[in-house]
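Comments concern the structure below.
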Amino acid sequence: MPSVAVKLYSVFFKFLLKQRLQSWIQDPIDESSNPYGVTTRPEESVSAPNPCFTDGVATKDIHIDPFTALCIRIFLPESSLSPPEQSHPKSHLRSSLLDPNSINHRRNSYAPSDTGTPRNDSRRSSLDGLNSRSDNNVYRGYSPQPQKCRKLPIMLQFHGGGWVSGSNESVANDFFCRRIAKLCDVIVVAVGYRLAPENKYPAAFDDGLKVLNWLGKQANLAECCKSMGSGARGVGAEFTKAEVQRHIVDAFGASMVEPWLAAHGDPSRFSAIDVFLAGDVICIACSLVYRFSAIDVFLAGDIMCTGCSSVYRSIRCVLLGVSCGANIADYVACKAIEAGKRLDPVKVVAQVLMYPFFIGSIPTKSETRLANSYFYDMPMCLLAWKLFLPEEKFSLDHPAGNPLILDRSLKRMPPTLTIVAEHDWMRDRAIAYSEALRNVNVDAPVLEYKDAVHEFATLDMLLKTPQAQACAEDIAIWVKKYISFRGNELSY
């Protein structure tokens with residue numbers, strides 16, 4: 001059973017949230033009065049962005065939509081400062097798997113780094129990329145140096161909060177995303193979507209999809225800058241960072257290329273190979289033709305030509321949703337499948353649904369037995385759904401809350417890890433969705449944590465518990481199966 005401290009905090013938490021929800025129900029907010037939206041409540045404790053690697057992760061905030069409050073926070077792990085990995089033929093890749101030093105390096109990607117004597121290696125010297133113009137109060141955060149940048153997969157993270165609260169820059173979410181970035185060795189992009197009741201459905205879902213499209217645009221812009229640099233100075237020559245960023249600017253003259261993502265998110269174009277309607281793939285370097293089904297191309301991520309060893313790489317993107325954020329992640333994954341090549345070179349290769357905020361009209365056993373559970377009980381969550389869904393569309397079987405009610409094929413859904421808690425009334429519906437995915441041969445394991453409550457791994461007072469740490473490590477172990485470079489997968 002949860003501790004006494006957790007029980008007391010749960011009572012206090014539910015009292016405050018219920019008061020807030022009831023006040024919004026009694027005094028409805030006119031959505032048209034604030035189309036810009038809100039992503040952070042005034043009472044939310046927020047953590048300021050820190051563009052320096054003071055604790056192993058650098059962060060920055062970006063407002064990506066001029067017409068709404070949609071914003072993101074990028075979490076860049078210090079491991080991205082390692083020298084770039086070299087592309088090797090298959091024989092070299094196979095030998096690297098047998099090299100103990102290579103394996104240890106991958107183990108350290110999600111284990112604590114050596115705290116012994118500091119070393120004078122390239123990873124440390126790459127910190128020279130930090131801008132030191134502090135005398136004039138100018139930005140002194142991390143500035144990428146192309147020759148010392150390591151490419152990392154990207155994870156889109158959607159916070160929880162019952163549609164009406166939470167933030168991508170809250171202290172709790174900042175701590176959680178830093179932990180995930182270091183353990184999974186990925187760039188975490190935390191999405192600050194618009195909250196209800198100021199912006200009802202489908203605002204949050206549209207924001208999630210808009211960020212995924214923005215990532216694809218960033219990858220294409222980075223590749224365009226690279227191509228322009230090579231074309232102007234000959235093959236093999238590259239522009240300096242400042243020169244590249246000056247090539248593509250918006251109407252106000254500002255650079256449209258996000259430097260951290262351009263340097264560390266792999267901008268190599270998967271669309272450099274042509275995928276025909278029959279499923280054939282042809283290497284543009286040696287014209288060797290392969291046979292791939294649409295699902296093979298979707299899941300493969302990277303393709304290496306056996307004829308010339310050319311590697312065509314996509315940006316491996318993992319979706320991670322917490323509570324109601326899991327509903328957004330599942331929606332974005334579904335839309336990514338429908339979009340197909342329109343999202344190139346971004347490929348959603350997996351998703352993690354942490355205690356998803358699913359609901360339905362036919363009650364499950366857990367909804368009956370645990371209706372008055374900790375932190376988010378069922379009556380309070382129904383109020384949150386009423387604030388999120390438009391009044392004329394309110395239904396417990398709305399597609400936003402019940403993914404199994406939809407008449408859609410689940411066969412092409414990405415591999416899905418579902419996290420559930422023992423003392424959470426939403427657990428049975430999440431398990432049922434995972435079973436539906438497994439029935440169509442999707443890799444969809446479920447991890448259930450004993451004596452755990454809803455948001456046990458992301459709530460502020462529970463972040464440092466052994467369960468929260470174990471959950472983050474379990475996520476890292478599973479996710480790394482799908483974000484490893486092809487030919488370099490290891491069994492953890």
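Just so you know, glycine gets a Cβ as well, placed from its N, Cα and C.
Small disclaimer: the values here were computed from a predicted structure and weren't measured.
Distant neighbours of the region 'Disordered' (28-47): 67-71, 165-171, 174-175, 192-195, 197-200, 203, 460; these residues of the same chain sit at least 6 beyond its ends, with a Cβ under 8 Å from one of its Cβ atoms. Among the features that TrEMBL reports, region 'Disordered' is placed at 28-47 (among others).
Taken from TrEMBL, the feature compositional bias 'Polar residues' applies to 28-37 (among others).
Sequence annotations record features per position, and here TrEMBL assigns region 'Disordered' to 82-144 (among others).
Annotation source TrEMBL lists compositional bias 'Polar residues' at 110-119 (among others).
Sequence annotations record features per position, and here TrEMBL assigns compositional bias 'Polar residues' to 128-137 (among others).
What TrEMBL lists as domain 'Alpha/beta hydrolase fold-3' is 155-220 (among others).
Per TrEMBL, the feature domain 'Alpha/beta hydrolase fold-3' maps to 315-457 (among others).
Break the region 'Disordered' (28-47) down by DSSP state and the numbers are 3 helix, 1 strand, 16 coil. For the domain 'Alpha/beta hydrolase fold-3' (315-457), DSSP puts the residue distribution at 55 helix, 33 strand, 55 coil. Per-residue pLDDT, averaged over the domain 'Alpha/beta hydrolase fold-3' (155-220), rounds to 94. For the domain 'Alpha/beta hydrolase fold-3' (155-220), DSSP puts the residue distribution at 32 helix, 11 strand, 23 coil.
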